[in-house]
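Undergrad: Found this in TrEMBL, in case it helps:
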ACT_SITE  B:131  active site, proton donor/acceptor
ACT_SITE  B:159  active site, schiff-base intermediate with substrate
BINDING   B:44  pyruvate binding site
């Protein structure tokens, strides 16, 4: 399940609770589009902002509405105790895989992070994707640590935070990591601006935020790269450059994708948990124009 | 209550729960030593790793065992909804003040952080201390933002993350912030290595980790600085330099202070929530020696 396009939907929510109808709409849309897997409760799914009960409910809804599409859910939490509880809930919900980031408040050491993955991987009955996202976890994996964790039971994929923009450098980066991990462990790229370059460089999967909202466009890029048509994948991704620029302007993809989902009428407004706020009115006008111009919806 | 020595005790815990006896020992020790206030559930108190129910319980225990010493508790959480719930619990427990850090998973904007403090300050019946700790929250306050937040109702203090090592530069830094905030809002220094320099530079309070375990030594530094004896405060702090070096070696104060509390027999081992681990055996030998040599206990 950790190959091709893995699409990460929002979990739309407000101060009163989860917009379940909105979430179901997003999940059904992804299944219908034919994405290869759904990554619910990723960073885009705001897993860190939800209670244990809410996360169990979202995992259940995702599985119930994804049809035959495999669902992976995020089980990250500050405390190993809580990660183990979330693992149990996710497995009970019938997920096909889990995604674990070393979330931190106190800065973690490599030894502490290895200990976390060791404990969790021992308690799993589904495959695990290692979630390397220093932008939110503030933990920097070394390739050596990735290599050690990838040997643990049930570890099946590594979600890396982008690749160098230069194709040769990107390939060298993926090859370097590949040499340190078992053959059955896949590598997936994230950071949507790096999707095409990552796939062209030999990543097995694209863990995509924009894929969680606009699967059509993202699938076209993925299928081109998978068919060995690197030039076409790059061309399709370059077309989306104004979107990558907006992401950079608004502190990452989340606030822009949240505004886009609201503007498309797929979820209620507001859809992010306070103190987070979706992109402002100025950005919204740009987003409306871009969705039309790039034929995203 | 936001002046003098504010001592931040550990919340000793393991995978089964909170070591309540250990926590009570630490709190009673601080009250007996005559610290000016107790900062329970700070970063040292691992607030971010506990459930709402556990945090309510710790707040109740702190108030019950602090005698006449005012207690402040941390109410930080990723989500505004949860911060408001924690505020209510803290106030019900009878705390004298609350401490709020803009905890983040998604990087926060200045506008989002202001919105958080605006909402919380409106819902308070006790004074609030703004907790500026970029090392754990990954949010960098500007002095301008501090100035705006300090105007909000119930804001009574700002806990800043250290000061420059040079006394003149430290004074300039404190003066610059002071000029932007109302007169009734105090400034407290944190980062124990900066305690004496911060107090000498005009900070009203020292929010201290080491003060939460070894109040005697920390009070001596505080009282010297308060009496205008900057040289003596500096001398006493310089004596503790080997401790500041250990903090730096072990990724901050927490893992060292946790090991020290275990070694002193004040709390059960282990006392930190996994994946966090207290300092290792090598550090423990150094800590035992330092406690003796510096007459800390």
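Heads up, residue numbers simply count up from 1 along the chain you see.
Heads up, the Cβ atoms here are built off N, Cα and C, so glycines get one too.
Looking at the shown structure, can you explain where the listed features end up?
TA: There are 28 other CB atoms within 10 A of the CB of residue B:131 (active site, proton donor/acceptor), with all protein chains counted. In the three-state DSSP scheme, residue B:131 (active site, proton donor/acceptor) is classed as strand.
For residue B:159 (active site, schiff-base intermediate with substrate), the number of other Cβ atoms no farther than 10 Å from its own Cβ, over all displayed protein chains, is 27.
Look at residue B:44 (pyruvate binding site): DSSP puts it in coil. Residue environment of residue B:44 (pyruvate binding site) contains 27 other Cβ atoms, counted within 10 Å of its Cβ in all protein chains.
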Undergrad: Fill in the CA-CA distance, residue B:159 (active site, schiff-base intermediate with substrate) to residue B:131 (active site, proton donor/acceptor), as an integer in Å.
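TA: Between the alpha carbons of residue B:159 (active site, schiff-base intermediate with substrate) and residue B:131 (active site, proton donor/acceptor) there are 5 Å.
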Undergrad: Which whole-number value in Å describes the distance between the Cα atoms of residue B:44 (pyruvate binding site) and residue B:131 (active site, proton donor/acceptor)?
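TA: Cα-Cα distance, residue B:44 (pyruvate binding site) to residue B:131 (active site, proton donor/acceptor): 13 Å.
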